[in-house]
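Here Swiss-Prot flags 69-84, 106-136 as disulfide bond, drawing on similarity to another entry. The feature signal peptide is assigned by Swiss-Prot to 1-38.
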């Protein structure tokens, strides 16, 4: 009986020792952290606004939308696909997009509207502001990007 009790105690000690040893080994070498997922595309996410006034800082924002162009066009912009296509065609050059088309006839009234774009375009930080003299000029120069 004494041998049986001793054998059980020895077996228990060996099992307990192996469990503690395995626990010590597991805690000594932590599991490797999962690799951060890298995007295949440079981010393109913008907030676009239209406001009445001559400067964005003092203009009353009338409308604002979000525009995401990667990996697919989305956001609250009513024509996200068209706006993203126009930005890609202009290589993200907002000055090209807001250029008033030649041959446009508008009055010379001063009723300024300002458009802004802020965010990231193809991985590059963007902060753009353009003031149109009046709604006629804005309609002639805003393109799809600021049409909302």
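Each residue, glycine too, has its Cβ placed from N, Cα and C.
Overlay of Swiss-Prot annotations on the structure.
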residue : record         : CB count, 10 Å
69      : disulfide bond : 26
84      : disulfide bond : 23
106     : disulfide bond : 16
136     : disulfide bond : 17
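According to DSSP, residue 106 (disulfide bond) is assigned to coil rather than to any helix or strand.
The two recorded residues residue 106 (disulfide bond) and residue 84 (disulfide bond) have their Cα atoms spaced 28 Å from each other.
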